[in-house]
Amino acid sequence: MSSQSLYKVSGNIAANALVNNDKYKTMYQESIVNPEGFWREHGKRIDWIKPYTKIKKTSFDDHNLSINWFYDGTLNASANCLDRHLAEHSDRVAIIWEGDNASEQRKITYGELHADVCKFANALRSQGVRRGDIVTIYMPMVPEAAVAMLACARIGAVHSVVFGGFSPDSIASRVIDGKSKVIITSDEGMRGGRAIPLKRNIDDALKNPDVTTVEKVIVLKRTGGKVDWVEGRDVWWHSLMETASEYCQPEEMDAEAPLFLLYTSGSTGNPKGVLHTTGGYMVYASMTHEYVFDYKAGEVYWCTADVGWITGHSYMVYGPLANGATVLIHEGVPNHPSPARLGEMIDRHKVSILYTAPTLIRALMAEGKQHFDKFDGSSLRIMGSVGEPINPEAWRWYHEVIGHEHCPIVDTWWQTETGGILITPLPGATDTKPGSATRPFFGVQPALVDNMGNILEGENEGNLVLLDSWPGQMRTVYGDHERFVLTYFKTFRGMYFTGDGARRDEDGYYWITGRVDDVINVSGHRLGTAEVESALVSHELVAEAAVVGYPHDIKGQGIYAYVTLTRGTEETEELRQELRQWVRKEIGALATPDLIQWATGLPKTRSGKIMRRFLRKIAANEVTNLGDASTLADPAVIETLIESRLNRTE
């Protein structure tokens, strides 16, 4: 298949990279054969208050689960992101911020960021926040979001960031689960030219009678929009900062002390509070950021993720700032007010490294490459992809149109639960194949198993598991350790089950085939939905596709495809048949979609993730009880899809 084409590491990149192929092999081998020795050395990349002597105490036995790293050391995450850079790099720019409107821009040095974080840490203390308390952060993409996170870390409070697109109900469920005393928010946020009513959403969330722990709501004045005010509870950010001291001694925290909670959707629909601790997470976030992106001092690094997702935590805040990087933060969306915005920002800020998501790349593809006619892009050196498997066609478009065919692409696979990147190319070490996450990072031991838990060797396909721990791994589900054990360690004994399927090719490269629940069983044969979607999107008239299974009288499951066509393309029965034949040719007769529904839009969260549970229910004609659609960017998409569904029984 065309997706097997190999993009070789250029000699120039290999010669100047942190790691070439030989060094990768040596380091990886050491990390697996002697993990204690490997991490003993690489744990020193961050600053410790009390140096560790004990490295690793881990077991994936579901009756005796243990995940501990650097566990007799102490440190502070905020000090690692700020204080340790001040002696030599106080004047280096830490954050470049560009607002939704490009006319709004700020630059904040490490010295200034340190002062802001210390002041806000003292402000939090003045509002009763103490070590171990959980603080909910519901903020727009502004520097103050990072300030709030780092201030919590500085005083030993645990932050729980909630994505700014979530509904009041979603906020309430997270506040209730975490028993937050303090919420940090903003009057409004700006996104795509629209004001987002953040404070109003918090007010509505706090009307829930089960929210009983919140004492204070700290409000940043972002737009000056009108907000309701509750005297005694609500307090302005700027008022607190006016009187706060610029000195705040960082708390000495155990390596295994909680750093943050981040809620992710669970299969039951109840959010899971993923808990990450301090020492191992900081080592892993900073190391993966440096090695995966081949980061060099002074470069401008842009991660387009929202701070409300794990990518924003690990690769916009903690990893880059621990490494003394200059981070670009953008308040809006990179295709507003036009698809040219992404390229304009890369050129304007001389971005060296871009880390973005396939959903944005596909959206830009659909608009057409003419929007990049004026794009220079000469500053770009490395490009990354995150969030879902990137289909080969989008990979190539990204490589050609954004990367001008000279930037290596690191297609990274990881999860909220893993804390950092697990499977990825390294720019100077790994020949890449469009659509493949390639090889494991240091210390990561992936394996494929069948449904009975038997390890599959060589070229194969199965359930993706991890055989041993790594420092960035989550430690528990907050308040529900049993759920943690059940979700990740019961399915395959002695292994961490990722929930993803994957195949390993003849070169040992890993290809993520999608969530195991996104596998369709057609006449007894397993088909990854990502594979069928990739085939559809490789057709020049298809902008985006989502594929699910639906009940089929003969085959058990049939293949139902939702297809968004490129702008201006006519939806015809002839094209529908052409696409069916196209997939048949690309993958085989087994993968031919039974039903193709035209879709002007797909149900996505505001981070761009397609909510397939809605698509599965619509395809199965189960349209009366779809569940909560409040997290969708555009809930109206659901009604449109229901009205034009193809599998009606009435």
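Yeah, the Cβs are placed from backbone N, Cα and C, and that goes for glycine too.
Quantities reported herein were computed from a predicted structural model and do not represent experimental measurements.
The CoA binding site annotation in Swiss-Prot covers Arg191, Gly192, Gly193, Arg194, Thr311, Asn335, Ser523, Arg584 and rests on sequence analysis. Summarising the annotation, Swiss-Prot assigns ATP binding site to Gly387, Glu388, Pro389, Asp411, Thr412, Trp413, Trp414, Gln415, Thr416, Asp500, Arg515, Arg526 and lists sequence analysis as the type of evidence. Sequence annotations record features per position, and here Swiss-Prot assigns Mg(2+) binding site to Val537, His539, Val542 based on sequence analysis. According to Swiss-Prot, the N6-acetyllysine annotation covers Lys609.
In the three-state DSSP scheme, Arg584 (CoA binding site) falls into the helix class. Cα-Cα distance from His539 (Mg(2+) binding site) to Lys609 (N6-acetyllysine): 22 Å (rounded to the nearest whole number). Under DSSP, Thr311 (CoA binding site) is assigned to a helix (H, G or I) in the three-state scheme.
Summarising the environment of Thr416 (ATP binding site), the number of other Cβ atoms within 10 Å of its Cβ, over all protein chains shown, is 18. The Cα atom of Thr311 (CoA binding site) lies nearest to that of Thr416, taking the binding-site residues Thr412, Thr416, Arg515, Val537 as the candidates. Among the binding-site residues listed here, namely Asn335, Thr412, Trp414, Arg584, Arg584 has its C-alpha nearest to that of Val537 (Mg(2+) binding site). Cα distances from Thr412 (ATP binding site) to the recorded positions Gly192, Gly193, Asn335, Lys609 are smallest for Lys609.
According to DSSP, Val537 (Mg(2+) binding site) sits within a helical segment. With Arg191 (CoA binding site) as the anchor, the candidate recorded positions are Gly387, Thr416, Arg515, Val542, Lys609, and the one with the nearest CA is Lys609.
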